[in-house]
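Pulled from TrEMBL, these are the features on record:
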- 97-176: domain 'Wolframin EF-hand' (DOMAIN)
- 128-147: region 'Disordered' (REGION)
- 234-254: transmembrane segment (TRANSMEM)
- 260-285: transmembrane segment (TRANSMEM)
- 325-342: transmembrane segment (TRANSMEM)
- 354-371: transmembrane segment (TRANSMEM)
- 383-401: transmembrane segment (TRANSMEM)
- 413-436: transmembrane segment (TRANSMEM)
- 448-468: transmembrane segment (TRANSMEM)
- 480-502: transmembrane segment (TRANSMEM)
- 514-532: transmembrane segment (TRANSMEM)
- 552-572: transmembrane segment (TRANSMEM)
- 586-688: domain 'Wolframin cysteine-rich' (DOMAIN)
- 690-808: domain 'Wolframin OB-fold' (DOMAIN)
Amino acid sequence: MKQEPERLFEELLERAKAGEPKAQTEVGKHFLRLAEEEDEELNNCSAVDWFILAAKQGRREAVKLLRRCLADRRGITSENEQEVKKLSSETDLERAVRKAALVMYWKLNPKKKKQLAVSELLENVGQVDNEDGEKQPGPVPKSVQKQRRMLERLVSSESKKFIALDDFVEITKKYAKGIIPSNLIMQEEEDDELAGKSPEELPLRLKVIKYPLHAIMEIKEYLIDIASKAGMHWLSTIVPTHHINALIFFFIISNLTIDFFAFIIPLVIFYLSFISMVICTLKVFQDSKAWENFRALTDLLLRFEPNLDVEQAEVNFGWNHLEPYIYFLLSVFFVIFSFPIASKDCIPCSELATVSVFFTVTSYMSLSTCAEPYTRRALMTEIAAGCLSLLQVLPGNFGYLKFLGKTFFTVPVGHFFVINVSVPCLLFLYLFYLFFRMAQLRNFKGTYCYLVPYLVCFMWCELSVVILRESSGIGLVRASIGYFLFLFALPVLGVGIALMCLIHFIKWFVSLELVKIVVTLVLCTVPLLFRWWTKVNFSVVEMVKSLTRSSIVKLILVWITAVVLFCWFYVYRSEGMKVYNSTLTWNQYAFLCGPRSWKETNMARTQILCSHLEGHRVTWTGRFKYVRVTEIDNSAESAINMLPLFIGDWMRCLYGETYPLCDPKNVTQEEEELCRLKYLTKHNCHMKMFDRYKFEITVGMPFSSKNGTKSIEEDDITKDIVLKASNEFKKVLLNLRQGSIIEFSTILEGRLGSKWPVFELKAITCLNCMSKLLPAGRHVKIEHDWRSTVHKAIKFAFDFFFFPFLSAA
């Protein structure tokens, strides 16, 4: 009787050693029972080893027993702990993939080898589709071809020469979760690349093997190229490229102003963000190919494991491929904030609108068909709402159609929002309902499986509607024809671009001096030509490939974020101080913060008390005493002074002005002043027309008596204030005379309560000048209204997402 159980156990052990997962689980249980009686540690370890073997084959019961052993720390050693944790944490989907991968591996490895060469695995790929190893007659279906292609890429993605069972299972599991090996992506690109390529487009290694004669000719051209580069290097030592580079760089840096930054930063952010949107969209298109390969793999896995949860696999794959969508939405955020404040004269709205429409269509075509009823209705609804809103800005009379796009009435919601009751508003409400339905699919996992991918299409469509408002009909026709020529008639397009450039050059030549333009262009292009010559190797294909990699997008977004934060801190600092019109008079200020207060206490105490007045915008009347120049900035002359003497003199006369002839019969007052200095200067020409000045104006308190007489106290110079003025006040200040009564505006800040406090001049008017100040009566410093600019950007962004349903007040 005792021999019977032993015989049964030996049979069970044989089946377990043969690889049967159920038998392996039973053997593990047997060792667990033995551990309760004798050799606890040894038997527990043996049980865990058998459970590991069974769990690797997808046995659910073995996984449960492993979890129990891990919780009780039975049979867990430092050698097997990591493997036990990994197997016990596997999901049902991963176990199903594991089981299917096991069957596939043994199909690829019919001889049951422990390790199989990659080449041998590739040879056996056809065996996966054959039942009982027999080849089916007739053509191979396309779906089967795609599956075989996918399997070949999967097998060859590993850099190892041999693949074991565990390696193959791990590769398949990772791909099923959406983690695509980098080697597989590169291989896909190479496979698609090399098909039908000419010798010029092949890599050097393949070119030498397949086209040796062509490779020899290319080596000859390479040697000639090296020789020409050496000659170019010799030439670059003669031409002062470093001086020219320094000249251009110094000139640009010296002319960077707040106005320039306010103009250029929104444009830079807009263009970089738009490029980032395009790159992310291309990345999404690339991921759609990965989706095709993934579906081919899941179809293949389903044949070997019918219990595979395909929906869960798709959810995992979609979740792991959300990165380009997140970057895309961030790029959209920057685009819609920069577009309203960027100069529309520097944005080709018609061309960008055409690009947006193109990406709207292509991104819709790349969407999954699972949510097609909702995505189709959403796109149609969005297009209808966009067309109705565009009808309002078109000049023609569209009758009832224009009436449909009209806002019937508005309902204020608080102080910031307005509900627009109209047909487009109802369409948008329906669109939001469709969004909710898309997100609701698969227990709200449709949010990132269907809704987020559709948002790419939605954003491009909304952007196209917004940019179309700024476009013209002629511009749209021009853009459409231009893109058509780009695709189908590139030489014609090249001729058109050349003609357009020629026309622009002719216009410049007519309006400006020819020599000046030519010299400027030559100076700017010489460093660029040398740089281009040293970097002749350029590949459009490589550039497009690099654009699809997310590292460039990350770099763009990081730089844009840094620029936006920097601008935000500047705006916050500019607008943060509460500046308001104050009723404080100069007499009150002099009484509180002037000499009398210094005598009563001391200057330091007075300064501390008067600091409470910081931020007051005041308008006072005073006596102009004198003005002096504190700084002269002439970046053009500084740049030219860096050049050799003979070139500098020639360019000084080319860009500047010559000194007058000093003919006593016919000379103006200004020329007469220059004639006194002409013979003392070391050049025949000057560049004073590029001077930018900073001034300091000293202003005294007005006299209180009606007849204009002054008392000693009123003429106290310690009550004078100093005003800093920029170059825009130059003409005004040069026309003032000592004793002129001026009205000026400034903001109290800095050394309040001290002698001769210095404030910045904001506006000035002369009250008793005989002739009017040039070029107007009142001269106000031009300052950017940063608050309204930010408000405009936020309003545009809100309307972009919610108009015509909601709009910002």
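Glycine too: its Cβ is placed from the backbone N, Cα and C atoms.
Just so you know, TrEMBL annotations are computer predictions that nobody has curated.
Here the domain 'Wolframin OB-fold' (690-808) returns a mean pLDDT of 77 for the predicted model. Of the two recorded stretches, the transmembrane segment (325-342) does not lie close to the transmembrane segment (354-371), with fewer than three CB pairs under 8 Å once pairs fewer than 6 apart in sequence are set aside. Of the two recorded stretches, the transmembrane segment (260-285) does not lie close to the transmembrane segment (413-436), with fewer than three CB pairs under 8 Å once pairs fewer than 6 apart in sequence are set aside. Secondary structure of the domain 'Wolframin cysteine-rich' (586-688) per DSSP (helix as H, G, I; strand as E, B; remaining residues coil): 53 helix, 22 strand, 28 coil.
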